[in-house]
Each structure stands twice: as structure tokens, then as C-alpha cells.
Amino acid sequence: MSGGWNTIESDAGVFTDLLTNLGVKGVQFEELLSLEPDALAQLHPVYGVIFLFKYPTNEPYRGTDKPLDGTFDYDASERLFFAHQTIQNACGTQALLSVLLNKANPSVSQEGDAGYIDIGDKLRDFRDFTIALPAEIRGEALSNSELIRDTHNSFARSSPFIDETQRRPDEEEGDAFHFIAYSPIGGTLYELDGLQPAPISHGACTQEDFPQKVMDVLQRRIARYDASEIRFNLLAMIRDLRIRAREFADEELLASEERKREAWRFENALRRHNFVGFAGEILKGVVSAKLAAGGSAYDDWVNQGKKNMEKRAAEQRARKGGEGEDVEMQG
């Protein structure tokens, strides 16, 4: 059961607006198109990264004695905000919070951290309430938070056809994807994955080391997949680039960032609506116009539509025989 949590896209605009709607200040996400450390280092300061990958369904995923890479740090569960994932479809927001809530207390900021984030009063209250709880109870508290769930669901695609909360247990599903977080905390690179029993330590890591070390970890992880698997996505949680633009009086960067946010707001507004009714009214109007034209106008229009559909289907079959289709990644 998803418990009312819907899937959201791995998209910088979605995650940035999600942070803003939760009351977080001065933070944004950027999508990384390369695993080169320099691509991440240029975004300094970086609080952490969110990695989306295909969930392996044909082999055990959860570690027992040790993970495939790194080591379990059970003691860190008591020092860090780490929550077990107790519900489906929430892993994107949970990964986001795994970075965010470990950068929210200036009194415990240590060398190697990226700095303090103002997470706002509501998330601070949630963190203060849950930080003393064991990881499994934190997961339950997160899944039951109306604030976090409603904000998360406000970025789900609106669909009149699919209700993720009503999927039958025996229904076949497509590929599954999962979000996890990596962040330098207290001088250590941690992998924070709610499906694992504890945070995974990847060794000592300062803020300056983070781009190189996290990319090394990600490259080893990706190398375990078949070479044909390319469905990965990487988002970096960074300081709002508009702050940098104002500090350096870079009007061009500031204008570019403002345009980007305007585009994000427009795209996120579209995600909240479906246009089936609108499309239906347009189709009815076109049909009425064709019928009013008389003669063979309507039949010619229908036949041309069939030909176009057959042509697209043939092109799609040809692509499947070659490189395959693009897949929209959600988690």
C-alpha cells in the first residue's frame, strides 16, 4: 500500500519547488548530466546528491551483514537523521529529507559539512520531534506527516486513469526505480537509503573531497549494471544560485536563474492538471466542423488519422528493434 503517496518525477524544478513549499530557504536542485567530479565541484557549496536508479527486482537488495560497497554505521543512526522507508512512492522525498535534515542544526556543524540550511519552523519541529526516535519509528512519523505527504503529492502528475494507491497485489508492474541520498556529514561520506538497515559509510570525506569521492562511489554502483542500462538520474542539492549571482553582482546569471524558475513554475502548474476534458471539447468541435462540411470531409479526416497512427506505430516498432524507447523515470 502506498498510503496515499503518489510517484513524483526526478526533476530539479519539482524538487526545488517541493523544498520551497516545505518552508526551506536558500536551497535549490540542479540536474547533473555527467559523473565528472568537476561538474559537481562547480556548484559549490553542495549539500548532497539524490541518485535515482533502477531497483533490482531479481536479486536481494537490502544488506544483512554488509552492503555491496562501504560499511554499515549503526551508531550513526543515533547521531544522524536516518529513517527506514516504511511506505512506497515516498523515497524521493525521503532522500531529499535525508540530506536536508542533516544540515539543519548549526550547533552541530562540523568540519567537512557543507553548512547550515534554514529548513523553516515546520520541518524544524518535525526534526526535533523525530531525531530522538529509532529509525523505524522515524519512518512511520515521516509517512504519517500530513505536511510532508500533502506537499509531496502536490507534485504528482494528475491522471484521470491511474490511481497508484489502488494497484492490485497481483497486477504486473513495469520497472521500479528508487531514490537514495549521499551527503558529507561530520567528515564522513554517508549513503542514506531508507531500504537499508543503517547509514552506509564510504569513509572520510571533507566538503572539498565530496565531488570526487561521491562520483567514485556512483561509478562503482553503475558499473554493477548491464552496460545497456542507462536509466539513471542525479540531482545535486546546492545553495540557491541567485544568492551567488547577487554576491558577485552577476546580473546575467541572476536573470538566467529567474527565467529558469519561471519555467519551473509553469511546468509544475501543468503537472497538477490533466487536459482530458479540454482535449475532449476540442475533439467534439473538430468533429462537428467536419460533419458540417458535408461530403466526405469527415471520412477523409478519420482515414488520414488512421494512416498517421499506423505510421507512428511502425516507427515505434522500428525504434524498439534498435535503441529502444525513452523511459520516464519516477520514484
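Placed from the backbone N, Cα and C atoms, the Cβ positions cover glycine too.
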Requested in this report: From the ranges 56-78, 148-170, 309-331, grab the one TrEMBL calls region 'Disordered'.
Outcome: 309-331
Query raised in the report: Averaged over the whole of the domain 'UCH catalytic' (4-239), what is the pLDDT?
Result: 85
Requested in this report: Measure from the Cβ of ASP193 (site 'Important for enzyme activity') and count the other Cβ atoms within 10 Å, all protein chains considered.
Outcome: 27
Query raised in the report: Counting all other Cβ atoms within 10 Å across every protein chain shown, which of the recorded positions GLN85, CYS91, HIS178 scores highest?
Result: CYS91
Report task. Taking only the Cα atoms, work out how far HIS178 (active site, proton donor) lies from CYS91 (active site, nucleophile), in Å, as a whole number. Result -> 7
